[in-house]
Amino acid sequence: MREIVHLQTGQCGNQIGAAFWQTISGEHGLDGSGVYNGTSDLQLERLNVYFNEASGNKYVPRAVLVDLEPGTMDAVRAGPFGQLFRPDNFVFGQSGAGNNWAKGHYTEGAELVDQVLDVVRREAEGCDCLQGFQITHSLGGGTGAGMGTLLISKIREEFPDRMMATFSVVPSPKVSDTVVEPYNATLSIHQLVENSDETFCIDNEALYDICMRTLKLTNPSYGDLNHLVSAVMSGVTTCLRFPGQLNSDLRKLAVNMVPFPRLHFFMVGFAPLTSRGAHSFRAVTVPELTQQMFDPKNMMAASDFRNGRYLTCSAIFRGKVSMKEVEDQMRNVQNKNSSYFVEWIPTNVQTALCSIPPRGLKMSSTFVGNSTSIQELFKRIGDQFTRMFRRKAFLHWYTGEGMDEMEFTEAESNMNDLVSEYQQYQDASISEGEEEYEEEAPMEPEE
């Protein structure tokens, strides 16, 4: 029944992945060792999208855990849900990629990749009707970015007709982890543009802001950030895991969200987000959810949609919600903010409903938007990239692993093309007549 195989690569990917599995195990009534002790049949009905049933009433995630060093894996294994995963599905090297994309993509990662693909193949064979893959990784490091994109392209070769969704943590403007982030991210985006079907962009700084401003946490830990990400991942995948009135799967989401194949980078948001103390002062209603969901402060990527326009967006409501109320609210948002939606896609807001809310909430909503303002994010990375690349700073780390400067130039120009494509569709209007759309080349971005 429409299974999804999940991969997590690198430190960031494994930590987000672990939080995700913790969240959905809870939603489906599984304990830390995968034994079902839930209360509702709805939890079991489509459990097999993400879990494989093993002997003895135990459910095992269809997850492949990959890293080039054993550290993070050991932490996952020792964590509260460490006994959930199948031991053979931990694939790790010993050397680490040292934040070097080339090591992850060409040298260290390439040595490990066949081992990973064996595990992926085995998981895929255990599926009835595989729907696709999802991968969690960061774009700033070596393993998640370099090896993650290598895996995506290899899986693409082997399963060309399956969906590929990525949850990618992009480097944030202020919070930087390593100095070569712009290189790693640009090289990764170059790959994702070609090989992924939908990429959900998440950004640490935006997550920090949500934790500080909305959740009122004084010093948020990575655990808090990962919790937010897992809430969104759980929301995006909720239609796949529970029966609902208006269900969608990865492919339906892509059909509704991706007007042009290269423009598949989404902003995500989640509501309700309230600080612990303020819970009792707010009623969670559909208007409230809709308003918070479209609030720029709620977006988990550091780009403000008010600087661009939505090509498409999708909202997934969970809980006991009336269909009519949701549709009215969504129409309301569109009418009030019509200038933020492109007018040449008439019905660009899609809604899905699922009757089962997340744990501890009456109702919630998850937002996925394809906005042209995501180009800010690519522009920012591109600028940092160019500044370093002009001076050829740190390049020897990459050329030493056998990379060519040409590859950097290609990645840079591909990203610039992406930015100008977004810009072109942001500026396009109905009235310009048909001749605009016949030319294939993206217009030059106006400086």
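We count from 1, first residue shown onward.
Cβ atoms here come from the backbone N, Cα and C positions, even for glycine.
Lifted from Swiss-Prot, the feature list:
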type	residues	note
BINDING	Gln11, Glu69, Ser138, Gly142, Thr143, Gly144, Asn204, Asn226	GTP binding site
BINDING	Glu69	Mg(2+) binding site
COMPBIAS	432-447	compositional bias 'Acidic residues'
REGION	421-447	region 'Disordered'
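Location within the structure of each feature annotated in Swiss-Prot.
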{"residue": "Gln11", "record": "GTP binding site", "DSSP (3 states)": "helix"}
{"residue": "Glu69", "record": "GTP binding site", "DSSP (3 states)": "coil"}
{"residue": "Ser138", "record": "GTP binding site", "DSSP (3 states)": "strand"}
{"residue": "Thr143", "record": "GTP binding site", "DSSP (3 states)": "helix"}
{"residue": "Asn204", "record": "GTP binding site", "DSSP (3 states)": "helix"}
{"residue": "Asn226", "record": "GTP binding site", "DSSP (3 states)": "helix"}
Looking at the binding-site residues Ser138, Thr143, the one with the fewest other Cβ atoms inside 10 Å is Ser138
Longest CA-CA distance among Gln11, Glu69, Ser138, Gly142, Thr143, Gly144, Asn204, Asn226, per record bound to GTP, angstrom
23
Just counting, how many other CB atoms are there within 10 A of the CB of Gln11 (GTP binding site)?
24
I need the least crowded one of these binding-site residues (Gly142, Gly144), counting other C-beta atoms within 10 angstroms of each C-beta.
Gly142
Other CB atoms within 10 A, centred on Asn204 (GTP binding site):
25
Which number gives the other C-beta atoms within 10 angstroms of the C-beta of Glu69 (GTP binding site), all protein chains shown included?
19
Would you mind checking how many other C-beta atoms are within 10 angstroms of the C-beta on Asn226 (GTP binding site)?
23
